[in-house]
Every structure is written in C-alpha cells, then in structure tokens.
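A.B. asks: Once you've had a glance at the structure underneath, I'll fire off some questions.
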Amino acid sequence: MATAVEPEDQDLWEEEGILMVKLEDDFTCRPESVLQRDDPVLETSHQNFRRFRYQEAASPREALIRLRELCHQWLRPERRTKEQILELLVLEQFLTVLPGELQSWVRGQRPESGEEAVTLVEGLQKQPRRPRRWVTVHVHGQEVLSEETVHLGVEPESPNELQDPVQSSTPEQSPEETTQSPDLGAPAEQRPHQEEELQTLQESEVPVPEDPDLPAERSSGDSEMVALLTALSQGLVTFKDVAVCFSQDQWSDLDPTQKEFYGEYVLEEDCGIVVSLSFPIPRPDEISQVREEEPWVPDIQEPQETQEPEILSFTYTGDRSKDEEECLEQEDLSLEDIHRPVLGEPEIHQTPDWEIVFEDNPGRLNERRFGTNISQVNSFVNLRETTPVHPLLGRHHDCSVCGKSFTCNSHLVRHLRTHTGEKPYKCMECGKSYTRSSHLARHQKVHKMNAPYKYPLNRKNLEETSPVTQAERTPSVEKPYRCDDCGKHFRWTSDLVRHQRTHTGEKPFFCTICGKSFSQKSVLTTHQRIHLGGKPYLCGECGEDFSEHRRYLAHRKTHAAEELYLCSECGRCFTHSAAFAKHLRGHASVRPCRCNECGKSFSRRDHLVRHQRTHTGEKPFTCPTCGKSFSRGYHLIRHQRTHSEKTS
C-alpha cells in the first residue's frame, strides 16, 4: 500500500517540477539503506569518496570539485532526504572514530544505521576477548582477506563450526553444478574425505580463509577457495599463498594498535605455521622488525630440485685494523658497495636478503646469512671455505707500476704521485709545488712569518743608521703568531691574544666589588686580595706580610743579604752580584774602559762608544724628513716631534 503524501509536500513538489507517480498496491518500496547495500554502484561511490587522496588532483580547486562529485554520487541528494543523508554522515563518522581492528570488523558487517553499528560494537564487547588472525590469500591474482578466531585448546562444539566451503557458494548455483565443478578436482563421493582433511587442517591451526562479507562479485571464486584449501591440506601451497604482506604505504597507514596486534598474534602464529611447512625462518627476527615499526616482506622463491641454495655465512669478531679504520673514515662506502664483489648484485626487495651488522662488543660473534633462496636451508657454509678473504679485511687496491697494495683508493692515488711526479698543490706566492696539502700548509706558514713589516716611527725603525740587524727583525720559526699592529711574534696564540689587549685597550676581567677592570686575570686576582684583606705571604723573621709572592721573595733576600753580598768598606748589602761588583768599582775607582784619544775612563763600554763619537764627529742617527743627523738616538726622536707638530 502506497504511503499518502502530505499536502504541503505535494505543493512543494509541484513548484519544483517533480513528477509524481502513483504506486500500485502490489509494489513494495524498499528502504534506502537496503537499496544502498544491494546497489554495488552506491558502495563503489562510497569507497571512492573515502579513499580519495589529495595527490590524485592537479590543484586544490580540482580536488574540491572532485570531492563534491564523489560526495554527490554517494549521498544522492536527489533521492534521499536530509534525515537519511545526516544518518549516513553520522554512521561514517562513527565508523571512523572506532579503533582500527574494531573498525575493520564493523565495516565488514555493513551496518545500515548508527544504531545497528552501536549494537554490533556492544555485542562484541560482551564476548570474551579472543585473539584473531587476519590472512591475505592470493587466488589467481586476487587478494582475499579472511579473519579467524583462534580457540586456544578448545575443540569445536559441533562439526557445523567448520562449514563446508561448497555450501557457501552462490545461491544461483545448483547442487549438481557444485558437485561437478571442475575446480574441486574431486567427485561428490570424495567430499567426506575432504571434510576430514579440512578438519585436520583446522586442528593444526592453519588459518581457514573464510569471509562471509566479501563482495558479491567475488562469490564466484568460492570453488577456487575450496581447491586452495584442498591443496593446502595436501601440502601443495607455499608460504607466499598464505603470507601476511604489507607494502610500505599500507604499513604506514596502520596505527600502533594494529602493529602491536600484528606482531603479537599474526607473526607468532604464522611463523609457527611456516616452520611446520619446512620453512626455516627464525621467528624472533621478523617479530623484532615488526615491533621496531619496520614492515617485514618475505622473499620466498619456489624450490628447485636442480639448483642448490646459495647460502653464505660471514663471521666478524668486531675488531678492526688500523687500515680498516682509515678506510672507513676516508671512503664513504655503503656495506652493499663493499660486499658486492663477493656477493654479486643483490635482488631488489624492500628488505635486502643480505645484511652485515658490526657489533660494538668485540667479544660477541655476529653471524648473518646471505642468499636469496631460503626455502631449502638446512645448513650454512662458511664464507671462508668457499670464497677468498673479504676485501674489507685485506688489501685490494694494487699499484699497476710496482704492485704495492693499499686498503683505500685515496692511499693508492697518493702513492701513484711518486711514480708520475705529480705535485698538484702549488703555492700562490712563490710557485713551489707539493704532493700533499699538509706540506703546502706548512710551507705557507714560512711566508707568513717572513713577511716584511714596517715598524712605527721610533728608534727601532731607523734602518739606515740603527745597528739593528736583520736577525733581530726576522723572528724565529718557533714564534709563528705575529701581531698585525706592531709586528711582534709569539709562540702561542694565548700570548698573542693577551698582547693584543695592549693595543685595543680591552679589559675583560672585572672586579665584582669595585667594578674596576683589568686586562689580565692574574692582575685581577692580586687586586681582589685588597678587598679581602688577605696577605698570605708572611715573613717568619720579622712578621711582615705581603699580598704578592714576588715582593715576599724580595723581602726575604734582605734578611739574607748579610750572608750574600756585604760591602766591607761601607757596610751596604746587595742582593745581586752585578750590583755589588759595580759598587766595589766605585770604591776602587776602577774604570776598565779607557779612551785612547783623551785617556778618559768609563765603567761601561757603551759609555765609551758614545764618548768616542765626540772625537770622530760621527752622527749615525739621520732624520728621513729633513736629513739632519744626530749623535744620539733620543736627540733624533726629540727632533722628529717638531716635524709631527708642524704637520698637525
């Protein structure tokens, strides 16, 4: 019976030009949710809207237009009411916020409304928690996702729990066609025997790929699924057919809960199955890779009877030679490039089949397996018995001239220069060439130290008249650091920095008590003792204390002067022998330096030289500005000040 239309809705439809059709009594209108479930086009539009990615569009505007089109194809506003569209959006958002594992299960049940989805989740929460396994089965190029609940130590309550896959075929297929299906590979009377094999397969914990919620277009492959299960029970299926494989993109889309579930339940169960199928895969390695959030992609090849597995073993103790350390520092080679001469070109996989890990602990032996075929591995052959010494552990760069071997290519290139005479490093100042850059750097320091320097205007820059020798102007090699302001050289950079403060006037050391600044830290330390009132140096004889050690030592010498240098004529004491000898010459009037012209005597030789200029008339100090000469240096300096005052 058709539902009566309200007058208000009827007027609205007539204004919008919508054609009204009267339904007959024998026609029943299906609900919109059921229509959506049965219509594969609507489901496809829904999936296209959910899986749309921004990268599929060329521009942001095109992405927005594409989303509007997909949303319109899914929601169909011309056929649904606002309440129905709102219910679909709420249901989609509810499924999105569910946890990953629970979301996949609820979507597989295809709830028609939000209330039905809530009922499914509440019913699942009331059931006891049991681990589930997800298996991806490849059947003629198609992937079939199946979920199986693992019953730990519990037998099925009835044989009906293991349903015959033949009975789950499409309803349109008759029993006769199912019996004579060529995909089964067995007549109908052999079905009980197949059921026994399938029951044995269930007890051995081999996951049975069942999924009642697969799309309708895949239902035609149920017969292929039965053939697959039959072959699996007979041991004709390899691990690749029942492997749980994830690509890099699929693994990055999983949340931490799904990755933990995959590592705890799927790998622990599936690896056990693989071992039972004679696949020697160590289970902890793959599980540790999964828990470190790295997808494990197995590489399994079909077993070949005529080909022996190429399996190599490499043992490394962790110790490295000196040549090996230099090679690792100078050559940026990956492990794959290093081992390619021995192992050949590896196949391209997401996870390489060969790998070497150098342990930090030299006491532990680290062994890794090499090869591509792991389906028939029963024993490993030592690499040292089948291949020569590894290149990393020996010398493999040979000189073609003399035959000498080197561990690194850079060492060989440097050695070849001895044969060719090549000197690629050239000095830009003098043109001299060197074979090594270190030799050139050492040579350039000589140019920097011997560079000519023009001294300021003082008694040192009087080259024409001053008796300053070239040896005094050229610093020794032991003082390579020169001051750019005055040309003075220093042996250490710290001395140069301390000296430069005399030119800049910098005083980086401040007294926190009075704020006074100093150029050297030692002076600041001495100054701070004034504020603290500390005089740590106390004289043991007279009780006088001193704040500086040098003054304390000078005071100590005064007490010991009687025993050192005491003048017997006047009683004066002297701490130094030179001062005492000069004092004695005064008493004896001894002047060993005598002038041959006038007979005048002098106690010092420099005084005699200066006196002799009065006889010879020599004036060695000449003014470079006016040419006037003087007999003494300080006379010239006093004269030059007159020139500087005139220019200013």
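Glycine is treated like the rest: Cβ placed from N, Cα and C.
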A.B. asks: Quick check on the record annotations: which of LYS259, LYS521, LYS600 is tagged SUMO2 cross-link by Swiss-Prot?
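C.D. replies: Checking Swiss-Prot against LYS259, LYS521, LYS600, the SUMO2 cross-link entry points to LYS521.
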A.B. asks: Write down the residue from LYS423, LYS507 that Swiss-Prot flags as SUMO2 cross-link.
C.D. replies: LYS507
A.B. asks: Among 100-122, 123-145, 353-375, 537-559, indicate the range for which Swiss-Prot gives the feature zinc finger.
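C.D. replies: Going through 100-122, 123-145, 353-375, 537-559 one by one, Swiss-Prot gives zinc finger for 537-559.
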A.B. asks: Select one residue from LYS507, LYS521: among these recorded sites, choose the one with the most other Cβ atoms within 10 Å of its Cβ.
C.D. replies: LYS507
A.B. asks: Whole-number Å only: compute the distance from the Cα of LYS521 (SUMO2 cross-link) to the Cα of LYS507 (SUMO2 cross-link).
C.D. replies: 10
A.B. asks: Compute the average pLDDT of the predicted model within the zinc finger (537-559).
C.D. replies: 80
A.B. asks: Same chain, outside the zinc finger (537-559) by at least 6, Cβ under 8 Å from its Cβ: which residues?
C.D. replies: 526, 529-530, 573, 575
A.B. asks: Where does LYS521 (SUMO2 cross-link) sit in the DSSP three-state scheme?
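C.D. replies: Helix, per DSSP.
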A.B. asks: Summarise the zinc finger (593-615) as counts of helix, strand and coil residues per DSSP.
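C.D. replies: Residue counts for the zinc finger (593-615) by secondary structure: 11 helix, 4 strand, 8 coil.
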A.B. asks: Same chain only, please: residues at least 6 beyond the ends of the zinc finger (425-447) with a C-beta under 8 Å from a C-beta of the stretch. Say none if there are none.
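C.D. replies: For the zinc finger (425-447), the list is 414, 417-418, 477, 480.
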